[in-house]
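Chemist: Starting off with a structure, shown below.
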């Protein structure tokens with residue numbers, strides 16, 4: 001059956017999740033084509049490995065299954081590290097860092113071949129693109145936490161905060177410029193290079209111990225752990241200069257607007273609100289909630305970021321306006337109100353409540369979004385069928 005020929009009736013439990021997209025958005029989604037440009041430094045040699053790896057993947061395994069399996073491994077290995085280092089100041093057993101290096105490498109490899117599997121099985125679709133970016137948004141949060149733990153960055157709370165949120169900001173900006181230009185652009189130094197660098201950091205902590213990052217470099221008189229932080233700062237400047245060059249030079253819409261015909265600056269409100277709330281709550285906390293519970297704090301705001309990033313991706317795919325109002329901000333709002341009323345309830349308790357609210361809100365939204373799209377396009381999320389939608393990919397190398 002052709003995509004868009006009429007959605008299958010939704011089961012009652014699916015209807016309870018809600019349907020995030022309107023009929024008009026679903027119609028525009030049918031016309032969406034994935035468009036990417038650019039090639040990073042490490043991509044050509046790694047393509048050889050990814051192509052070799054693909055031949056071992058059976059045709060009956062769906063691309064989204066590959067993506068989800070990789071994400072699950074990455075999340076599990078990082079959660080093990082968080083268990084041993086909840087304040088990002090502890091030193092975990094050596095094998096946990098090795099596990100994280102392996103988990104991140106597996107995630108990177110599977111994330112790279114899911115699209116190849118989709119083209120191989122003729123199952124490319126907007127659903128696969130959304131699912132891939134949705135998983136990436138969550139993985140971005142966990143990678144930042146894992147890397148911070150590996151170098152014991154909790155001894156420098158301000159740098160820890162910066163490194164915890166800079167990855168979210170850069171991921172959002174990448175899709176912000178896509179929303180403006182209609183093309184996902186990869187720089188010479190991009191996510192692949194970042195992931196390789198993080199694998200190296202995990203391996204160094206495996207064989208040298210996390211305490212090695214406290215070594216003071218002679219002459220410079222700075223700790224070794226500051227070097228990767230400075231690398232992050234350099235990456236931020238380099239990447240964001242490229243992103244904002246695209247954003248500020250006008251979009252493909254009418255009068256230089258976004259692909260949806262809205263202001264090119266409008267998506268900045270969403271990531272700006274997340275970062276402003278995170279900074280305010282961090283700095284105004286009477287109980288030092290971020291310093292004492294940095295992993296939980298980052299995960300809570302990470303869930304907020306993941307949902308907002310997912311909304312930005314689907315706004316691009318459906319050529320729709322991105323609205324600021326969202327229930328996912330209830331979690332940070334509770335922390336903000338608790339501080340306003342002089343911590344009427346213990347901040348740690350409120351942080352856990354916020355974590356539960358934001359994580360469920362994000363997962364329900366993403367699940368309902370995928371289910372609605374799968375019904376409308378007559379696709380299976382975790383099954384491969386040669387009768388699925390035709391390939392919807394356009395890629396050109398600058």
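In case you wondered, yes, glycine gets a Cβ from its N, Cα and C as well.
Pasting the feature list from Swiss-Prot:
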BINDING   64, 119  CDP-choline binding site
BINDING   111, 132, 136  Mg(2+) 2 binding site
BINDING   111, 114, 132  Mg(2+) 1 binding site
MOD_RES   2  N-acetylalanine
TOPO_DOM  2-62  topological domain 'Cytoplasmic'
TOPO_DOM  84-93  topological domain 'Lumenal'
TOPO_DOM  119-125  topological domain 'Cytoplasmic'
TOPO_DOM  151-160  topological domain 'Lumenal'
TOPO_DOM  180-190  topological domain 'Cytoplasmic'
TOPO_DOM  208-222  topological domain 'Lumenal'
TOPO_DOM  249-265  topological domain 'Cytoplasmic'
TOPO_DOM  282-293  topological domain 'Lumenal'
TOPO_DOM  317-329  topological domain 'Cytoplasmic'
TOPO_DOM  340-346  topological domain 'Lumenal'
TOPO_DOM  377-398  topological domain 'Cytoplasmic'
TRANSMEM  63-83  transmembrane segment
TRANSMEM  94-118  transmembrane segment
TRANSMEM  126-150  transmembrane segment
TRANSMEM  161-179  transmembrane segment
TRANSMEM  191-207  transmembrane segment
TRANSMEM  223-248  transmembrane segment
TRANSMEM  266-281  transmembrane segment
TRANSMEM  294-316  transmembrane segment
TRANSMEM  330-339  transmembrane segment
TRANSMEM  347-376  transmembrane segment
Chemist: Tell me, which binding-site residues from 64, 132, 136 are within 10 Å of residue 114 (Mg(2+) 1 binding site) if we use the C-alpha atoms?
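Modeler: Those close enough are 64, 132.
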Chemist: Which chain neighbours of the Mg(2+) 1 site, leaving out 111, 114, 132, have a Cβ atom within 8 Å of the mean position of the site's Cβ atoms?
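Modeler: Nearby residues not in the site list: 63, 66, 67, 70, 110, 112, 113, 115, 131, 135, 136.
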Chemist: Count up the helix, strand and coil residues in the topological domain 'Lumenal' (151-160) according to DSSP, in that order.
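Modeler: Looking at the topological domain 'Lumenal' (151-160) with DSSP, the answer is 7 helix, 0 strand, 3 coil.
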Chemist: Rounded to the nearest angstrom, how far is the Cα of residue 64 (CDP-choline binding site) from the Cα of residue 111 (Mg(2+) 2 binding site)?
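Modeler: Between the Cα atoms of residue 111 (Mg(2+) 2 binding site) and residue 64 (CDP-choline binding site), the distance comes to 9 Å.
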Chemist: How far is it from residue 132 (Mg(2+) 2 binding site) to residue 64 (CDP-choline binding site), counting Cα to Cα, in Å?
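Modeler: One finds 7 Å between the Cα atoms of these residues.
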Chemist: Three or more CB pairs closer than 8 Å, sequence separation of 6 or more: does that hold for the transmembrane segment (266-281) against the transmembrane segment (161-179)?
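Modeler: Result for the transmembrane segment (266-281) with the transmembrane segment (161-179) is yes.
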Chemist: Check for me, if you would, whether the transmembrane segment (161-179) reaches the transmembrane segment (347-376) - at least 3 Cβ pairs under 8 Å, residues 6 or more apart in sequence.
Modeler: no
Chemist: Cβ pairs under 8 Å with the transmembrane segment (347-376): which stretch of 126-150, 191-207, 223-248 has the most?
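Modeler: Looking only at 126-150, 191-207, 223-248, the most contacts with the transmembrane segment (347-376) come from 126-150.
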Chemist: Using DSSP, tally how many residues of the topological domain 'Cytoplasmic' (249-265) sit in helix, strand and coil.
Modeler: 3 helix, 0 strand, 14 coil
